[in-house]
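As structure tokens, the structure follows; a few thoughts come after it.
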């Protein structure tokens with residue numbers, strides 16, 4: 001089945017793919033455009049978000065649809081839910097994903113108390129699921145507020161996020177429900193050691209969705225895994241600490 005995905009390709013140079021998180025669209029990366037102009041960057045609206053058509057199925061179906069519409073060899077960068085998509089792409093298509101960058105993204109977003117795994121409390125995700133059926137706009141707004149919580153520039157960050165997100169159509173209900181289900185159910189922890197590509201993991205120490213206890217629990221014995229912790233950032237470090245984020249990202253990209 002062929003579905004139309006909205007992909008904005010800007011710049012010239014090394015191929016990068018950038019994927020956004022839940023409830024938003026690729027316009028959240030607009031502030032990065034000028035700084036990444038020396039790369040060929042493909043800004044993707046995930047299925048059912050922004051200008052992209054929805055795609056039935058699960059995470060694998062999303063990955064298959066996206067990879068078919070992108071260059072054969074690129075470095076994939078994913079923020080939050082987009083990090084899950086990028087990680088799965090790196091695992092499924094190692095020859096097409098040259099490198100992996102995850103931003104404020106966990107391999108298992110939901111807390112697993114029986115395993116002492118830190119994450120989003122299950123009741124929070126179920127509340128979002130219930131609220132979706134009542135008011136999409138307010139649900140997304142609440143989620144955006146959680147993303148910037150903890151940042152010293154939270155007020156400015158939420159204003160910027162809202163302006164960017166609302167520049168495109170609201171996500172489809174089906175896509176929001178799919179995304180929540182992925183955040184609730186996907187657990188890639190056991191597969192992480194299989195990642196062969198260079199992998200940069202960017203964390204915000206004040207992140208309310210990916211707790212600071214997650215990075216120390218990640219596999220780190222591979223020489224090609226690199227962690228960048230931004231001490232004053234929360235869940236959207238590319239907005240709140242753009243210069244710091246870009247310096248870390250471009251330094252890492254320059255090693256290719």
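Glycine residues also receive a Cβ, built from the backbone N, Cα and C atoms like all the rest.
Per Swiss-Prot, the feature domain 'AB hydrolase-1' maps to 16-240; the stated evidence is sequence analysis. Per Swiss-Prot, substrate binding site is recorded for 22, 80, 81, 143, 144, 145, 146, 147, 235. According to Swiss-Prot, the active site, nucleophile annotation covers 80, on the basis of sequence analysis. According to Swiss-Prot, the feature active site maps to 207, 235.
Known features from Swiss-Prot, placed on the structure.
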| residue | record | CB count, 10 Å |
| --- | --- | --- |
| 22 | substrate binding site | 25 |
| 80 | active site, nucleophile | 27 |
| 81 | substrate binding site | 26 |
| 144 | substrate binding site | 22 |
| 146 | substrate binding site | 17 |
| 207 | active site | 26 |
| 235 | substrate binding site | 28 |
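Cα spacing between residue 235 (substrate binding site) and residue 207 (active site): 5 Å, rounded to the nearest whole number. A Cα-Cα distance of 14 Å separates residue 81 (substrate binding site) from residue 207 (active site). Proximity to residue 207 (active site), judged by a C-alpha distance within 10 Å, picks out 146 from the recorded positions 22, 80, 146. A helical conformation is recorded for residue 144 (substrate binding site) in the three-state DSSP classification.
Taking the C-alpha positions, the distance from residue 144 (substrate binding site) to the residue listed as 'active site, nucleophile' comes to 12 Å. The binding residues for substrate are recorded as 22, 80, 81, 143, 144, 145, 146, 147, 235; their greatest pairwise CA distance is 16 Å.
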